[in-house]
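Features reported for this protein in Swiss-Prot:
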BINDING   Cys13, Cys16, Cys35, Cys38  Zn(2+) binding site
BINDING   Pro117, Thr118, Gly119, Ser120, Gly121, Lys122, Thr123, Leu124  ATP binding site
DOMAIN    1-54  domain 'ClpX-type ZB'
Amino acid sequence: MFKFNEEKGQLKCSFCGKTQDQVRKLVAGPGVYICDECIELCTEIVEEELGTEEEVEFKDVPKPHEIREILDEYVIGQENAKKSLAVAVYNHYKRINSNSKIDDVELSKSNISMIGPTGSGKTLLAQTLARILNVPFAIADATSLTEAGYVGEDVENILLKLIQAADYDVEKAEKGIIYIDEIDKVARKSENPSITRDVSGEGVQQALLKILEGTVASVPPQGGRKHPHQEFIQIDTTNILFICGGAFDGIEQIIKRRLGQKVIGFGAENKIEDLEKEVLLSKVLPEDLLRFGLIPEFIGRLPVIASLEPLDEKALVEILTKPKNALVKQYTKMLELDDVELEFEEDALSEIAKKAIERKTGARGLRSIIEGIMLDVMFDLPSRDDIEKCVITGATVADGESPRLVLKDGTVVNKDTKTSA
């Protein structure tokens, strides 16, 4: 703070030009001065601009139909899951806008649980939602979490990932999305409460409760364990949307048992047994998750349940070709950089889809199958300048035959050398 000294003469504010006699205080900097009135005015301008930015951020939340249309560009199938997610996300950010206004009715948060087999698109759906809304997004693995005080990650480290995704802008992170994968792996081992401590199962569920509901959490800036005399980042989780996903292997048997108890008469059991997995998953209820091993308090904080179906051959073929960043488009672009045209025949795409179904890896396994097929092609083609086109046939995928190569002079080469798929 600058103090008045008569010997130095009158000092003026560098911004408004008022003398020190005309204002209450002057703050001195290196060769400049600012009065209390200008400080107050600048503060108002900055606060007004920041307030406007905050309002604009979620002013134009896409409508559920618009959200689903964008999801359709990246994710094939899963129509019911897309609809559930579109409505839940729209309501969540509409709620944030509503709660920022003074009102008697405060809307509570609806987190989401996604149930579906490996490779059905759970993570991709969550990532695409964050991209649509332009909000910070973080993925956490529930299997690495443990209850506080035990070896493993504290649940607060999930929040640190979101803060890092927001470039340490806490206010922005407080309106982000967190996807917790493998949530089914923290289910307790039996339906009944255990007398022994389950630090990586029920203990993690207990630790996540407050964060899911909404609390001001203390996060260590460098991650790791908390310890005394350490600085923390304070983050309010009230407006963070949590999406918890898992395969929940075996839950269809729990659903079958529940449905079987409600059907009476001869042949009732056979009717339930005939139901396919995707039909069963669409009938999942909170009581099924309870029997699977999630605690009631945890289930209560995930009111929206979106079930995803296992992908069939037709859906996998569409995944290979239709989305904006489809694998076939990616590999075609890659070979274009070597001035070679790449073509996948229809039966080749079908064979790739069949292999993925056999391996039970869903869409996630498609890339590894194509990598195996394309390995020799991508190894040899850069060294040759006589090839115009490479055709992947059904035999290339199913029997390991070499791809058909069309040379620039029109010659077609199809060697019998085996390639691994």
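Cβ atoms are placed via backbone N, Cα and C, with glycine included.
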Beyond Cys13, Cys16, Cys35, Cys38, what residues of that chain have CB atoms within 8 A of the centre of the Zn(2+) site's CB atoms? Ser14, Phe15, Gly17, Lys18, Val23, Leu26, Tyr33, Ile34, Asp36, Glu37, Ile39
Extra residues within 8 Å (Cβ to Cβ centroid of Pro117, Thr118, Gly119, Ser120, Gly121, Lys122, Thr123, Leu124), ATP: Gly116, Gly245, Leu308, Gly362, Ala363, Arg364
Can you tell which of Pro117, Gly119, Gly121 has the most other C-beta atoms within 10 Å, given these are the binding-site residues? Gly121
Rounded mean pLDDT within the domain 'ClpX-type ZB' (1-54) lands at 76
Binding-site residues (Thr118, Ser120, Thr123), the one with most neighbouring Cβ atoms at 10 Å: Ser120
Measure the Cβ-based neighbour count of Leu124 (ATP binding site), defined as the other Cβ atoms within 10 Å of its Cβ. 20
According to DSSP, folded down to helix, strand and coil, what is Cys35 (Zn(2+) binding site)? strand
Cys35 (Zn(2+) binding site) sits from Ser120 (ATP binding site) (Cα to Cα, rounded, in Å) at a distance of 62
Across Cys13, Cys16, Cys35, Cys38, listed as binding-site residues, the smallest other-CB tally within 10 A is for Cys16
Cα nearest Lys122 (ATP binding site) among binding-site residues (Cys13, Cys16, Cys35, Cys38) -> Cys38
Leu124 (ATP binding site): secondary structure state under DSSP, collapsed to three categories: helix
Measuring CA to CA, name the entry from the binding-site residues Pro117, Gly121, Thr123 that ends up nearest Cys16 (Zn(2+) binding site). Thr123
Argmin Cα dist to Thr118 (ATP binding site) over the binding-site residues Cys13, Cys35, Cys38 returns Cys38
